[in-house]
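Heads up: the structure comes next, in structure tokens.
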């Protein structure tokens, strides 16, 4: 921690950038300054949840434990930031992993591969990749499947990476299961009536990072930003309203949920690196757990076949998936009139928010 603290006192480059580079490049064993919510202490404080806002039945339908059993934490100096260590029921994380790999990349949703591949080539990424993934060994020189080349998928209102805006004319139906999950988590955190209108799914590998940015493109900042993580772990940096403010580093493990609201909704943040899960196994133990055969009536969770999970598990051995869900418009809000847009609002670069070790010449990117 002394090394990280010393970096924040140096002049010149902004404090956030220095810490980003520190955690991006340092040996994985030098992580003493990283907050771990699985071992509460230090600047962590308990956060109060709205237990009565989500019935146990609705929590079960979303694949979550009853809210009364969740642990929730905040950080001193970051009002509105809520961290919920894995509140998922056994086996339920598998559903969201499968959706992110098999269903959500399907048309009419949009992914980075659409930017340089013919439409017919990106119709069935799962079908084109599953056999290659199942056969994949440990040789890092093996060609990546199309699923492994995914960097992002957008849902609902599709984010325009060029203009940093959403628009009314580029929208597809938001997945109902993910909307239900998001609404329950938001309600438990005191945001009843949250509407999941846009989602950005990020697909990370061990050489990936997410550049320093603020999520400000949504028209209603009174609604929270929800973040769900699955697979390998990562370091998340949460900074201030200016890049001159040094960030706090924290671990995000599989199943963890993070909520940025209020003051924390518009803070700078980034993911400098992805790390192997701390248990030292190929997959976190929470992903080894089987789903109960007795799902509640109306559950949005579906059983995954053994074959499907075999593909997902192979993918996650070197990867992390993150879902960030947003409400774009407040009640009664409409998008402003636009001029000179390109209809579908697509970006020209697939590297609009990821950095990796093979693309260090790119500036850190922003996502909103």
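Every residue gets a Cβ built from N, Cα and C, even glycine.
The Fe cation binding site annotation in TrEMBL covers 213, 215, 269. The annotation compositional bias 'Basic residues' is assigned in TrEMBL to 359-368. The domain 'Fe2OG dioxygenase' annotation in TrEMBL covers 192-329. Annotation comment: TrEMBL describes 332-368 as region 'Disordered'.
All protein chains included, residue 269 (Fe cation binding site) registers 23 other Cβ atoms within 10 Å of its own Cβ. Residue counts for the domain 'Fe2OG dioxygenase' (192-329) by DSSP state, with H, G and I taken as helix and E and B as strand, are 19 helix, 51 strand, 68 coil. Shown are the binding-site residues 213, 215; the one with the most C-beta atoms within 10 angstroms of its own C-beta is 215.
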